[in-house]
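Below is one structure, written out as structure tokens; comments come after it.
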Amino acid sequence: MVEAMSQLQKEKAQLQEELVVLRERLTLHDSEQQATTTQLQNQVENLKEKLISQSQEVSRLQSELGGTDLEKHRDLLMVENERLRQELQCCEAELQALRAQPAATPCQGCEHVQESTQLRDKVSQLQMEVLENKGMLSELNLEVQQKTDRLAEVELRLKDCLAEKAQEEERLSRRLRNSHETIASLQAQSPPVKYVIKTVEVDSSKTKQALNESQARNQHLQEQVAMQRQVLKEMEQQLESSNQLTTQLRSQISMYETELERAHGKMLEEMQSMEEDKNRAIEEAFARAQVEMKAVHENLAGVRTNLLTLQPALRTLTNDYNGLKRQVRSFPLLLQEALQSVKAEIGQAIEEVNTNNQELLRKYRRELQLRKKCHNELVRLKGNIRVIARVRPITKEDGEGPKAASVVTFDPDDDAVIHLLHKGKPVSFELDKVFSPGASQQDVFQEVQALITSCIDGFNVCIFAYGQTGAGKTYTMEGTRENPGINQRALQLLFSEVQEKAADWEYTITVSVTEIYNEVLRDLLGTEPQEKLEIRLCPDGSGQLYVPGLTEFQVQSVEDINKVFEFGHNNRTTEFTNMNEHSSRSHALLIVTVRGRDCSTGLCTIGKLNLVDLAGSERVGKSGAEGSRLREAQHINKSLSALGDVIAALRSRQGHVPFRNSKLTYLLQDSLNGDSKTLMVVQVSPVEKNSSETLCSLRFAERVRSVELGPGARHTELRSWSSQEHLELEPACQTPQPSARAHSAPASGTSSRPGSIRRKLQSSA
Ligand code: ADP
Ligand code: MG
């Protein structure tokens, strides 16, 4: 029993030891399992990372365009290189051929030499390019090699990983199998314990106690065994779960493997497609290069043919050049000869021209004289004293009613005739021209224009405005600012004519503005307008007249004229309070002197244009007028009569002309006699209430006009007088009559004197 007990105890101790071992083994297994699991997990992590890095590597390689694009580039460069090399060879061959050509064409600096230098430059440039390309090519080759090596390395690493993984797997399955075996062996150990229990049941009471104790112990041990079993079961469960994990991990590994495989396959596919692309690109580049080659060949052929055609042209050009060189060498000689002959010719021509010029100058002078003669003749035929009438329009100052009705009519077929209805009886007058109220300032100026231009040729001209106050004298001579009269237009015309002749003639135009009031001459441009001026004989004994102290202004433009007129007008206004009245009682004179010099002949001319706005010709009733008014009227009548007398004497070519009878005629003496020209504009009012004055004015006009016409003129004169008698004019009519009396000493210079100025005017300026 004791033995049995000790055996049982031994067994128990053994069992306990075994249990401890088992426990230890179990914990060991547990920790091993855990370690394996973590190791496996780590491995899986590593594999994952590797996979990621692999795929990254693959994509990086792809993104670097892999070796394929670089290769493509390299191939293209190679093709390009080849082409350039060939071109270079061609060029060199051409160069050599050109060098080999006979050096007999020493066309230094010609087109070909330039071309060859260009070609040489190009060749060296191309060579440099080739070298560069070669360097680049080797670099690229190196790069491609490196990339390929790296790829192989990566593949190798991948394979190693796979092998490692397989080994690991093998190891794990082996361990799993061992664990199974251990478990099975542990299970197999249980039946001997049961057998011991049965054997104990058939023993004695003493042993029964021991048995009971043993049974209790056995119970306890059984419980422990059951517990151990429980633990074992748990361990089995754990093992199972770890197995499951392992399978799971395995499946994951296989999934990763398949993924890796797929990635590898994809990579291979891509590499394949890249390879194909590369091949295709190479083919295309080759085809393109071939086409380009062909084009280059064609170009070369064209250049060659061009060269062939250019050679003869070059030869002829060289010949031409040589010929020209020879000509150039002989050119100075030829030039000298030609110059000498041309010089001689020119000298001859100059001489001819000189003689021709002399002849022309002589002819020109003769023509000038002839022209003047013709002009004089024309003027004589036309009558150098012309009389025209101008009828002013009816104004509102004329009032209304029958007294303001027009009594003047015109002949539509004859512009020299005017009809007047005086006290119910018609009277007709024939003058040189009649202007109706509708005539403009320009129309009137047109009529006097020729007279004014003759002033430039050295003729003296007088234009008078005659008529009763308010008949339009000032309007015709001065006009308005908007519509100027003869004065301003005449000066404008002179300016333009002078400008036209400026190439051959030098002209100066000067003006003086004077007034004669009560037989006193005043300078309206002077600083002392109230000063009395005298007309004197020149002290040089030439018999010419001059006015000491008379101001003369030189004018060059319309602005100058306007300034002069304004100045004169201001002087006149400040002097007299009732300007209108004063101006109708005085004669206003604008004296324009034109001095000319012919640049080619040195010939000098002086012409004078006198523009006179006469005092009003109206009669002053004997009863009404006294004192200063009567004195004024007497002076006016005297001067107008003297003017009529002078004109009559001139037109009838009397030996004596009474210039000295008035200041006006005395002042204008040299502008009235000889071949001077005179125009009288007789201004008339058209209304009924002025008909008597109109009759007187027209009668004066007709009488003045008719004087020169010899026997016929006398006839007209007789008719005129008879009509006057017939009309029974009022006795107060003061129409100036040309008188036969000689009031003064014979005027100096009445003998034939040219129309140039004979009086020296002194400028007070
Ligand atoms: P006069 O100088 O003879 O005394 P004006 O020249 O002063 O006369 O003329 C008197 C008026 O008649 C002025 O108002 C003037 O403007 C006007 N007149 C004269 N002639 C004409 C004409 N042809 N057309 C228009 N108005 C005229
Ligand atoms: Mg007036």
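Just so it is clear, glycine is given a Cβ too, placed from its N, Cα and C backbone atoms.
Unlike curated records, TrEMBL annotations are generated automatically.
The coiled coil annotation in TrEMBL covers 5-101 (among others).
Under the heading coiled coil, TrEMBL lists 137-284 (among others).
According to TrEMBL, the coiled coil annotation covers 339-370 (among others). Residues 600-601, 603 of the same chain lie 6 or more positions beyond the ends of the coiled coil (339-370) yet place their CB under 8 Å from a CB of it.
The annotation domain 'Kinesin motor' is assigned in TrEMBL to 384-707. For the domain 'Kinesin motor' (384-707), the mean pLDDT of the prediction comes to 89.
Summarising the annotation, TrEMBL assigns ATP binding site to G467, Q468, T469, G470, A471, G472, K473, T474. Shown in sequence order, G616, S617, E618, Q683, V684, S685, N690, E693, T694, C696, S697 are the residues of the chain, 6+ apart in sequence, with a C-beta less than 8 angstroms from the C-beta of Q468 (ATP binding site).
The feature region 'Disordered' is assigned by TrEMBL to 720-765.
Taken from TrEMBL, the feature compositional bias 'Basic residues' covers 756-765.
T469, A471, G472, K473 are the binding-site residues among Q468, T469, A471, G472, K473 whose C-beta comes within less than 6 Å of an atom of ligand 1, given in sequence order. Under 8 Å, Cβ to Cβ, and six or more positions away along its own chain, T474 (ATP binding site) finds A465, G485, S583, D613. Listed in sequence order, the binding-site residues among Q468, K473, T474 whose CB lies under 6 angstroms from an atom of ligand 2 come out as K473, T474. Fewest Cβ neighbours within 10 Å among the binding-site residues G467, T469, A471, G472, K473: that distinction goes to T469. Secondary structure at T474 (ATP binding site), as computed by DSSP, is helix. The ATP site, placed at the center of the C-beta atoms of G467, Q468, T469, G470, A471, G472, K473, T474, has further neighbours from the same chain whose C-beta lies within 8 angstroms: R392, A465, Y475, S584, G616, Q683, S685.
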